[in-house]
Amino acid sequence: MPDAVGAIDQGTTSTRFIVFDRRGTILAQAQREHEQIFPRPGWVEHDPREIWRNTHAVMREGLARAGLAPGDLAAIGITNQRETTVLWDRRTGEPLHDAIVWQDTRTDRSVAALARDGGRDRFRAVTGLPLASYFSASKLAWLLDHVDGARAKAEDGTALFGTIDSWLVWNLTGGPDGGLHVTDVTNASRTQLMSLATLDWDEAMLGVFRIPRAVLPTIVSSSAVLGEARDPFPGVPLGGILGDQQAALFGQTCFSAGEAKNTYGTGCFALMNTGPAPVASSAGLITTVAYRLDGRPPAYALEGSIAITGALVQWLRDNLGLIGASSEIEGLARSVEDNGGVYVVPAFSGLYAPHWRDDARGLIIGLTRYANRGHIARACLEATAYQTREVLEAMERDSGCPIAELRCDGGMTVNDLLMQFQADILDRPTLRPKVSETTALGAAYAAGLATGFWKTLEDLRDNWAVDKRWHPHIQAEERRALFAGWSRAVERSFGWVEENA
């Protein structure tokens, strides 16, 4: 009887395969990085063939390290970097171009042209998304318009489009020899081509971006048996797909409305489950699909993205030389009792949710002769917590649903000082789970549910365990004063970049 589930975690910089047991404990993992390709300023690409080769390799390596055979796996789940766009030839399996990565901004001008007629929110009611080069639709349109023969191949069904999950599933299930061309609802919701109401491709959106329907994958549930793998693990069911941030929400077992998680990495991604109906945002958030279990209604989410959090620590290390390693920031920040009145607003390329101010730029404010390296380090950590509070308050305003606690994951959660201050400034507990790989765990859970390895969502809740919990310690007046100072600092960052400068 199979006693493990495997998860492919295909990220922006690397691909991993992680094997979990029935308790959600990691048995083994393998990882390989792939090349970041920068053909021009603002362009970011990946080689889909390299990603597939690495996926194939880490699957074999990870399973071997676990001491298991393919038959020991009940299912395989997939989680992936979202929005990254692949176009390939279904006859040969060869990409028509390198994948255009979610960070790529080559379509900024075409998106701005669309926004001139109706504004950046003109399609938000249908897709939940503002007009942005971030999402897949404009990237696919660029490929169809700039790759020789691509549009003709797309129109006759010879070319296939997909986000990274689609590319992996197609290759895992046979490639040119009958590979499945599918994507799940979470990834489809990030293309700007899917209707949140119907969970199908929207004909009007296809018309706006001039996308032939024949090029698109079939949209499936996030947890459902899609078929069986053929290579490298013949016969093992493919049971689930989730975009990376939705996978983290699922891995954190945020299955009820009002439950939220925040992933602390280079930036932060906060998601809140809003239940079975989409919640429109008037506070600068994105409305998206959280997940859909096979045969059940979908769960929706509000998402807020913060551009610079962990990257601010890297800036202190690499640009200012205040620390020699990122791990040193906690000790430096603890060398002082508070921020000394110093605030750092990390608007290096503007501010994301909930402000969305392209004209903002970074600042350090509140400096006196009293301020020292420790105060600046502490202010950098506190900036992450302040920005998270702004996003969570926007979520509560949009949804009308209070967030009782925040489940935290990602690399920065090892910083106890940050996690304590996060609880203090939110005035609610923050929790770090015992299993830190929540993104891969979410993909494993989705796949295991589909195959009966886990029976119910309650089985998954029973697996979730707290590694550490932080409760608020500061008084309400101190919290109010600290956040008021942050708000004043943020306002002063606005308008630095002049439109015609």
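Don't overthink the numbers, they just go from 1 along the chain as shown.
Quick reminder: no glycine exception, Cβ is built from N, Cα and C everywhere.
Around ARG82 (sn-glycerol 3-phosphate binding site), taking its Cβ as the centre, 26 other Cβ atoms fall within 10 Å, counting all chains. In the three-state DSSP scheme, ARG82 (sn-glycerol 3-phosphate binding site) is classed as coil. Among the features that Swiss-Prot reports, sn-glycerol 3-phosphate binding site is placed at THR12, ARG82, GLU83, TYR134, ASP244, with the record citing sequence analysis.
Look at Swiss-Prot and you will find THR12, THR13, SER14, THR266, GLY310, GLN314, GLY411 tagged as ATP binding site. Close to THR13 (ATP binding site) in the fold, though at least 6 residues off in sequence, lie GLU33, HIS34, GLN36, each with a CB less than 8 Å from its CB.
Taken from Swiss-Prot, the feature ADP binding site applies to THR12, ARG16, THR266, GLY310, GLY411, ASN415. Sequence-distant neighbours of ARG16 (ADP binding site): residues of the same chain at least 6 apart with a C-beta under 8 Å from its C-beta are ILE8, ASP9, GLN29, ALA30, GLN31, VAL58, GLY62, ALA440.
The Cβ neighbour count for ASP244 (sn-glycerol 3-phosphate binding site), using a 10 Å radius and every protein chain shown, is 25. DSSP assigns ASP244 (sn-glycerol 3-phosphate binding site) to a helix in the three-state reduction. The glycerol binding site annotation in Swiss-Prot covers ARG82, GLU83, TYR134, ASP244, GLN245.
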So if I draw a 10 Å sphere around the Cβ of THR12 (sn-glycerol 3-phosphate binding site), how many other Cβ atoms end up inside it?
19
Using Cα coordinates, what distance in whole Å links TYR134 (sn-glycerol 3-phosphate binding site) and GLN245 (glycerol binding site)?
15
Can you tell me how many other Cβ atoms are located within 10 Å of the Cβ belonging to GLU83 (sn-glycerol 3-phosphate binding site)?
24
Please list, in sequence order, every residue of the chain apart from THR12, ARG82, GLU83, TYR134, ASP244 whose Cβ lies within 8 Å of the Cβ centroid of the sn-glycerol 3-phosphate site.
GLN81, THR84, VAL101, TRP102, ARG190, GLY243
Tell me, in order along the sequence, which binding-site residues from SER14, GLN245, THR266, GLY310, ASN415 have their CA within 10 Å of ARG82 (sn-glycerol 3-phosphate binding site).
GLN245
